[in-house]
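So the structure is just underneath, and the comments pick up after that.
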């Protein structure tokens, strides 16, 4: 089995006249936490949306888990093993926390209309399994105390973690987190950091887009930096931090 | 405290309640017939048909959140299918079919569900990318197209008999017992309307059962997920195209069954029964009763069938008693009060008259205090 989980090759995407991504290539290895950072508008979220099938790429291809990733439709990408969260949380607001995670099992279960109506043995077993796994995932992200509350009534930090649990329910090989620490206080960020590390330790590779440079540098095994739609650096955090191009992108040319 | 979990009842109480309800439902036509006249049993028959329609539309609008203003088209498809397959009508256009088709009901009703479901997919497929008001406009157009087709398909081949509609439809026949005439059971005369009541009741219970099972399943969760956030649903691996088409097909099939029952009951169908106003009526049942909440939708169906009838019979005499003459004709008063009731409900109970506990909290959370049961 190859060490490389995801290999994005020369991804390009433009909106009208704006080139949001230009020839972006990056490689994510199995079992690492990979950070994607960059100033506002650098194209991080665009890259994310291309990768997860919400946008179609104009150029390039993605190899995932030794096969060409079919990035035509989001549910196909999820089936192939990439799950994501959103920058501005997108939970099913009027479903309970538990139901949110249960929806994440949709892909890995098969009950159809007839099974649902007859509720035969296979269906009952599957439903019990879905509920059981959902409960365990809620425990994993420490939201189990609020399993029966509506998602919209959870605290901000709980909502973020619930979204991660829902993504994990799809059994991803790669978990892509879009600014998970945005708007979190120091305590919540620390808890998130622990959670992301334990997810990695449980064998799920993590792709992290983050604004919080300190968090990324402390947490990630490797980091790529995007600026104006181009990758300007990719390495371990210590080296990326000292890269003159990165310093220039973040602090402006005058200081470099 | 979550009201759903603290409301667990004693199983003996639940059993007694179910038994009582069953007896009440079984005796209802006799009680109503004796007390208020046979016309009211007929009204109840229609209430049952509307409950089936409302539950079908509830799958599309209430669960999946897809606004459908042309739902009555599926009722029409079911009704006309029954009419064509169980009447002498087709013999007119195709003499080889004389004396017309007279298919048995157990074949026509499932076929009606299937064909209506197919029409649901036909409506759903081109509208997959639409939501909200845009979807409403397209579905409204679809409903009208079906009605206009029915109105004009009497030329060049007389399929639907145009505005005159199809007559001489066979009454529903179950195991050799025709529901179209009075039946003698142990010396008790059971009129035709009562017999249809029992058939419609059975069909309604089946539709309720299927609705409940679907709601609490992988499919039902996927529908609600799409209603809540379509992009997140996709990211969770839900094939939103298929799941939405399934919602359209399931909802439409309920309408198709109700349509077939309607045609057998009336023994006459015409395009007039399938106007936009009927679609709106069914939508009102869903919205007023409590979108997405099965008991609420049933309640909405009963209420909106019975109230207009009560007004029809009651408004005249009440006005005569109060003012000595009829000031406003009952027919105008009916629409007037109906509109007023709609406005009042939307102002004071925006989640519907009997919303699910979850939906009640959702609206309460939106800045309107409906109930003080926040946990």
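Even glycines carry a Cβ here, placed using N, Cα and C.
Curation plays no part in TrEMBL annotations; they are all automatic predictions.
Record note: among B:11-33, B:103-125, B:103-125 is the stretch given as transmembrane segment by TrEMBL. Recorded stretches compared: B:46-67, B:72-91, B:103-125, B:132-150, B:280-307; the one with the most Cβ pairs under 8 Å to the transmembrane segment (B:333-351) is B:280-307.
Between the transmembrane segment (B:46-67) and the listed ranges B:103-125, B:132-150, B:194-212, B:245-268, B:280-307, the one holding the most Cβ pairs under 8 Å is B:280-307. The transmembrane segment (B:72-91) shares more Cβ pairs under 8 Å with B:245-268 than with any other stretch in the list B:103-125, B:132-150, B:245-268.
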